[in-house]
Amino acid sequence: MDVRLLLISVLLGLSRAQLDGNECTKASAQSCGECIQAGEKCGWCTDEDFLKQGEQKSTRCDEIEALIKKGCSKASIEDPRGTVTVNKNQSLTDRTQDGVKLKPDQITQIQPQKLTLDLRSGEAQTFNLTFKRAEDYPIDLYYLMDLSYSMKDDLENVKNLGTDLMFEMQKITSDFRIGFGSFVEKTVMPYISTTPAKLLNPCTSDQNCTSPFSYKNVLSLTADGSQFNNLVSKQQISGNLDSPEGGFDAIMQVTVCANQIGWRNVTRLLVFSTDAGFHFAGDGKLGGIVLPNDGKCHLQENMYTMSHYYDYPSIAHLVQKLSENNIQTIFAVTEEFQPVYQELKNLIPKSAVGTLSSDSGNVIKLIIDAYNSLSSEIILENSRLPEGVSISYISHCKNGVSEKGENGRKCSNISIGDQVTFEVAVTAKGCPSKGKSETIKIKPLGFTEEVEIVLNFICECECHEDGIPNSPACHFGNGTLECGACRCNEGRIGRVCECSKDEVRTEDLDANCRMDNGTDICSNNGDCVCGTCECKKRDNPEERYSGKFCECDNFNCDRSNNKLCGGHGRCECRKCICDANYTGSACDCSLDPSTCLASNKQICNGRGTCECGVCKCTDTKFQGPTCEICPTCPGVCTEHKDCVQCRAFGTGDKKDTCEKECSYFNLIIKKKKEELPQPNDQPYINHCKERDANDCWFFFTYATKNDSTVEVHVAEELECPSGPDIIPIVAGVVAGIVLIGLALLLIWKLLMIIHDRREFAKFEKEKMNARWDTGDNPIYKSAVTTVMNPKYEGN
C-alpha cells in the first residue's frame, strides 16, 4: 500500500479491505450472472429503481450488507446458494451378508456412491465419504518375474510358489487367484545379441537357455495353484547383454491387457520380482526406437509383439495406467537395488518394496507383509478436475487422528472392519467454458469402487429465466430486461441501451454531460456515455459519486473527531443529514441534555445552560463539565459551618444573628455521626467535619434536594480530644534514658574487648618473629677454656 494512502486510511479510520475494495465491486459486473461469479459474498439488486442518477449498472453488484445499506430490500437481492444432493447411498457391507456370500461387485466399501453438487463461484460444498475395509475381500495376484540368467536360482524356488502362496493367502481371503508372467528385454541390439546363435541360446554354450523375449504371459489368473506350479516349472532362463531389464514394458502390458490377464474388479496385486534395474522412456533410442509407448495392449499368443516398435513407458505413464486399472504393485528386489526401487515406490502410489533373498526363498513372507502394508492404508484419488475447480480433503482416521492438505487424502493402520471418514470440499471459481455440468470421480487407490460426483455450475441467477427480450424498457426494445437491468443487444450500450457504439463520442452527446454549460464533463468524476454521466467508482466501495453530472458524493462532508458527519449522520451530496437529537454542519451538536446532567440531577448544577451537549456556565467563577467546580469559592463545609454550629449547638460566630442569617436550610438532628445520610441515600450530598472553639469536632451533611431546598443533618455527639497522661510519658522517658545508657556501656565494653584481643595478637606475632644470636651479645662468655701444651708434637 502506498505510504500516502496508508496515512489517509489512518486519518479516516479505514481498513485495508475498505481501501482495496471487494471482489464484487472490482468485477464491474454488467449482469446478475457475472455478479454471482465474482465471489460467494456477491449479490445483485433486482430493484429497477435502485440505481441513483449517475450510478453505473455495476453498482447493483455488491456484498449483501452493502446492498441493504444502499437501500435494496432483501427480497430484491439475487444470492443463489449451492447445494449437495446424495443420489446413491448404499450401506457398507462385508463379503458375507445375512449368511450369503456376495459377489465381488455386490460388496460396498465406500459410501455414498453418487452425489450432485450445485456449485456457486467461491462457495465450497462439503460432504463426507465413509470407507470400511470389507472382510474376506477377493484378491487377484499376478507374479511377474525377471527370467534373465542372474535369476536362475530364484526360478527354482518360485516353481513351488503357487500352492504355498495359495495356502497362506487362504488365511486372508477365501477367494484368491494367481497368475504368472516373465520378462527379459527388448529383442534388439544393444540390449541382446542378435547373432543367430545367440538368438537361439543367449547363454554360454554349456547352459541351455530359451530365446530372449520382451514379455510373456505364462499363466492367466487362476484359482488352481497346482497349475501355477506345473507351468512355472517348465520355464527356462534366458539372457541379455545389459544390466537394466525391460520390466516396464512387461508392467505396462500386464496393466492394460485386462482380458488376457483375467483381472476381476477386486483387489489387484502385481508382484514384480527382479535383481536388476530398469529401462524407462528414452532408453529405446539406443536401439533406434523413438516412438513413445502408446499404453495399449499388444499381446498376441500371450507374447508382447511390439517391443521393437515402441519405447519403454515413462514412470508417469505407468503411474497413470496402474491407477486407472486399480493395480497395487509390490517390488520384490534384491538388497543391492533397494534404494532404486524405494525411490520408484515414492513415485507410484499404493506400492511397496520388499527385500528379496538371493534365491527368492522369502518371497511368500515378502508378499504377505507387503499386502498387509498396502491394504492397511487408504488413499483417495480424484479424476482430473474441470477448469477453475479445486478439491480439498480432511481425514478422520482411527483414534481421533485428523489431517489436512495432502495428508488429508489418506488414513493408515486400517484393519478389517475399521471405518474412517473423509471430509471433502469442492470449490469452483467462475464457470467452465465447456458447459454448465461436469462429472468427476473419487476412488480409494487400489480399489475398484468409486464415487461419481456430478458438478452443476450456477452461472446465472434465477431471474435470468424471467428476462423479457426486446423489452420496451430497454430503449424501444434494444435489450433484454432481466434482473432489474437491461442486457443490451449487440452494438448497443448505455444503462437502458439508449446508444449505439457509433454514437458514443459525439460532441452533441457530450454537451448533455456538462453542468451549467461548464467545461468539465461529468464534473471530472465520471464518463459521458450516450449523453448520460456514468460516475466513476472509488477504491473504497463505501464512497460513491452520484447526481446527474456526478456533482455529488458521500465522502466530502464536514467532519468532527475525524469522523464523517461526526459519526452521527450520513453524507448526501456533500451535506450532512444528521440523526435524531443531532444538528450542526458536521452533526457534532447533540440535542440530548443527558450529558449536561449533574450528579444532583440538575442541568449544569443550575449554574449554566446546555448547548450541543456541553454546559455553558452563566456564572464565570464556576467551571467543569457540569459547572460543579469553583476554584475561588470556599468549601461547602466551611461556608455553612457557622450557621450549622449556631442552629445545632447555639455557639459560634453567628450565634447572635442566627435566626436572621441561617434560616435558609432545614435542620435535622441525629444522635451519632453513624446515623447521618450516606452518599447512596441522596443523589448529591457533602459530608463535613469541622472544629469548634473548644477544639471539638462536630459532623454534618449538606444536600441540595431536587426542589432546590437545602437539607442539613447534624450529629449531636461531639468528638473532643482528651488531655495527655503524664505518668506513662515520664516512665517512658526514664526507661528510655536507662536503656540508652546500658546500650552505650555494652558498646564500650565490646570495643575494649576487641582492642585487647588485637594488642595480644600483635604481641604474640612479635614474640614468634624474635631471633637471638650469641655472637651479637657483647657480655656473653663461653664456659669452655682451651689450653695448648707447648710440648705437644702431635703424636
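Placement of Cβ uses the backbone N, Cα and C atoms for every residue, glycine included.
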From Cys578, Cys596, partner that TrEMBL gives for the disulfide involving Cys587: Cys578
Candidate disulfide-bonded residues Cys72, Cys297, Cys461, Cys499, Cys513, pick with smallest Cα gap to Cys604 (disulfide bond): Cys72
By Cα-Cα distance, the member of disulfide-bonded residues Cys24, Cys72, Cys257, Cys513, Cys533 nearest Cys474 (disulfide bond): Cys533
Cys24 (disulfide bond) versus disulfide-bonded residues Cys72, Cys513, Cys576, Cys637, Cys696 - nearest by Cα: Cys72
Disulfide-bonded residues clustered about Cys533 (disulfide bond) [Cα within 10 Å; pool: Cys42, Cys486, Cys499, Cys513, Cys637, Cys646]: Cys513
Disulfide-bonded residues compared (Cys42, Cys646) - highest count of Cβ atoms within 10 Å: Cys42
Spatial neighbour of Cys72 (disulfide bond) that is closest, considering only the disulfide-bonded residues Cys32, Cys573, Cys576, Cys646, Cys696 and their CA atoms: Cys32
Which disulfide-bonded residues sit within 10 Å of Cys461 (disulfide bond) - Cα, from Cys32, Cys35, Cys45, Cys61, Cys576, Cys662: Cys32, Cys35
